[in-house]
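A short worksheet on the structure shown next.
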Amino acid sequence: MSDALINGLAGAGGGIIAQLITYPLQTVNTRQQTERDPKREKRRHGTIEQMIQVARHEGWDRLYGGLTPSLVGTAASQGVYYYFYQIFRSKAEAAALQRRRNGVGDGSVGMFSSLVVAALSGCVNVLLTNPIWVVVTRMQTHTKKTGNCQPDSTSSGDNILAALEPPPFGTCHAIQEVYDEGGVWGFWRGVFPTLIMVSNPSIQFMLYETLLKKLKKRRASSKKGSNDVSALEVFLLGAVAKLGATVVTYPLLVVKSRLQAKQVASGDKRHHYRGTLDAFIKMIRYEGFYGFYKGMGTKIVQSVLAAAVLFMVKEELVRGTRWLLTKDAVKMVNSKPSS
């Protein structure tokens with residue numbers, strides 16, 4: 001089994017576990033980012049209180065709206081990302097060694113090369129998996145109708161029931177809604193800011209690789225002589241790396257969510273976005289720069305926790321898989337009859 005495949009599968013497994021743990025936070029955060037009602041803005045609740053409000057008025061299952069396509073998207077995204085990341089990084093390491101033979105550099109992959117490797121992997125990932133995340137965003141932001149959608153005395157029994165308890169909104173409903181609104185290209189709404197956002201994992205992995213390299217180097221130079229890194233240390237390194245990346249790229253995430261959420265169908269064009277530039281202009285004009293940082297506190301908690309769990313689980317899965325493969329190889333060698 002190739003090293004790229006091991007890392008790809010381990011990344012997918014780690015991503016799924018991290019997604020399951022942090023999904024309610026992600027749902028609340030997506031709703032915070034796409035909130036356009038000024039009346040609701042004035043009575044903002046904290047993250048925990050918002051989770052309780054969703055559970056109370058819409059049911060606990062709404063906190064996991066879109067979980068199934070999200071898990072598929074997470075597995076696909078992490079698998080694709082880590083697979084191509086390992087391929088590109090192997091090429092970068094080979095190039096670094098070649099430069100060393102030519103008398104240039106120390107043979108290690110530098111910070112800039114790590115950034116380029118992560119960016120290329122991220123671009124491939126975005127182009128292949130963006131449709132999944134458009135569907136997930138629609139499902140996360142779908143809410144039961146309240147307020148002006150209440151039934152009146154002239155409503156039929158079916159209309160009253162639909163207003164109070166709308167039909168289930170599943171993956172197929174979300175796909176149909178996206179297609180009806182924008183056709184096939186509707187599944188690539190928000191792809192431009194998402195492509196720019198590859199700087200998030202790029203910065204994240206650059207910070208992570210740099211911190212990990214320094215920690216291993218420090219361990220190797222110590223008297224212990226071992227450069228092994230524990231699961232807890234990987235957890236903390238992943239958390240610090242994700243925190244730095246999230247703060248820098250959060251405004252792009254808000255714009256992406258606005259573009260992928262259901263567009264306002266009313267005559268109010270303030271929150272109807274034709275594209276990335278239009279979204280930026282309208283958000284600055286009608287909401288100010290604060291609009292680009294809605295729900296940032298929730299996102300930091302969710303992202304840092306998810307990234308930390310992802311790195312920890314991924315490293316343990318890679319380590320365990322390599323150990324099993326080595327063990328099987330040793331058994332095969334020992335089982336061969338001696339000549």
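Every residue, even glycine, has its Cβ placed from backbone N, Cα and C.
TrEMBL labels come from automatic prediction, so no person has curated them.
Counting residues of the repeat 'Solcar' (2-91) by DSSP class, helix then strand then coil, yields 79 helix, 0 strand, 11 coil. Annotation comment: TrEMBL describes 2-91 (among others) as repeat 'Solcar'.
As annotated by TrEMBL, transmembrane segment applies to 109-128 (among others).
If you average pLDDT over the repeat 'Solcar' (109-214) in this model, you get 76. If you look up TrEMBL, you'll see 109-214 (among others) marked as repeat 'Solcar'.
Long-range Cβ contacts of the transmembrane segment (187-208) within its own chain (Cβ-Cβ under 8 Å, at least 6 residues beyond either end) map to 81, 85, 111, 114-115, 117-119, 121-123, 125-127, 130-131, 133-135, 178-179, 237-238, 240-242, 244-246, 248-249, 252-253, 255-257, 259-260, 275-276, 307, 311. TrEMBL lists 187-208 (among others) with the feature transmembrane segment.
Under the heading transmembrane segment, TrEMBL lists 229-253 (among others).
The feature repeat 'Solcar' is assigned by TrEMBL to 229-320 (among others).
DSSP labels the residues of the repeat 'Solcar' (229-320) in these numbers: 75 helix, 0 strand, 17 coil. Same-chain residues lying 6+ beyond the ends of the transmembrane segment (229-253) with a Cβ under 8 Å from its Cβ atoms: 33, 193-194, 196-197, 199-205, 207-208, 211-212, 215-216, 219, 292-293, 296, 299-300, 303-312, 315-316.
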